Amino acid sequence: MPKILILNGPNLNLLGARQPEIYGRETLDDVAAACASLGTSLGLDTDLRQSNHEGQLVDWIQEARGTAAGIVINPGAYTHTSIAILDALNAFDGPVIEVHVSNVHRREDFRRHSYVSLRADGVIAGFGTEGYTLALRRMASLVPGAKPG
Ligand code: CA2
């Protein structure tokens with residue numbers, strides 16, 4: 001089955017633990033389980049990872065060349081700062097979907113700019129953690145060998 005790498009940046013390990021009014025009550029483990037289950041019905045293997053370190057995220061994106069068919073990424077605050085993550089994504093050939101749990105356009109101005117959006121094939125924001133499964137459904141339409149619903 002084609003593999004989709006689901007990457008998460010800094011502080012997203014705190015999902016479900018703090019600020020539920022912004023980020024909801026689901027944990028990243030809940031997201032991983034929901035993606036794995038949906039992935040099975042879509043014919044996609046999923047691999048969800050989180051790191052607080054920019055270089056680790058860059059390493060995983062580089063590793064995805066040749067091992068993953070697509071990347072779903074919530075880069076956390078690196079969304080707004082990281083040219084390194086943008087460069088790494090530009091070296092990846094498959095589809096890239098950017099996810100934000102919160103509606104970044106209804107928050108501080110600095111959250112409205114995303115380096116990653118310069119590369120992303122699509123952006124999902126403000127749908128809570130459901131954004132990850134929505135991204136996976138879109139991946140099933142974009143990746144050869146999947147079973148779109
Ligand atoms: O809305 C998103 O998904 C963000 O990518 C989350 C980032 C933020 O810097 C982006 O602007 C938008 C922050 C992730 C922090 O996650 C937490 C989750 C629960 C509690 C505290 C932080």
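Every residue, even glycine, has its Cβ placed from backbone N, Cα and C.
Taken from TrEMBL, the feature active site, proton acceptor applies to Tyr23. According to TrEMBL, the active site, proton donor annotation covers His100. If you look up TrEMBL, you'll see Asn74, His80, Asp87, Val101, Ser102, Arg111 marked as substrate binding site. The site 'Transition state stabilizer' annotation in TrEMBL covers Arg18.
Ranked by CA distance from Tyr23 (active site, proton acceptor), the binding-site residues Asn74, His80, Ser102, Arg111 have Ser102 at the top as the closest.
Local packing around the Cβ, expressed as the count of other Cβ atoms within 10 angstroms, is greatest for His100 among the recorded positions Arg18, His80, His100, Arg111. Counted over all residue pairs in Asn74, His80, Asp87, Val101, Ser102, Arg111, the record's binders of substrate, the longest Cα to Cα distance measures 24 angstrom.
Considering only the recorded positions Arg18, Asn74, His80, Asp87, the residues lying within 10 A of the residue listed as 'active site, proton donor' on a C-alpha to C-alpha basis are Asn74. Contact annotation for recorded positions (Tyr23, Asp87, His100) versus ligand 1: Tyr23, His100, each with CB under 6 Å from a ligand atom.
In the structure shown, the C-beta of Val101 has more C-beta neighbours within 10 angstroms than that of any other entry among the recorded positions Tyr23, Asp87, Val101, Ser102. Counting every protein chain shown, the number of other Cβ atoms lying within 10 Å of the Cβ of Asn74 (substrate binding site) is 27. Secondary structure at Val101 (substrate binding site), taken from DSSP and collapsed to helix, strand or coil, is coil. Taking CA atoms as the reference points, Arg18 (site 'Transition state stabilizer') and Asp87 (substrate binding site) are 31 Å apart.
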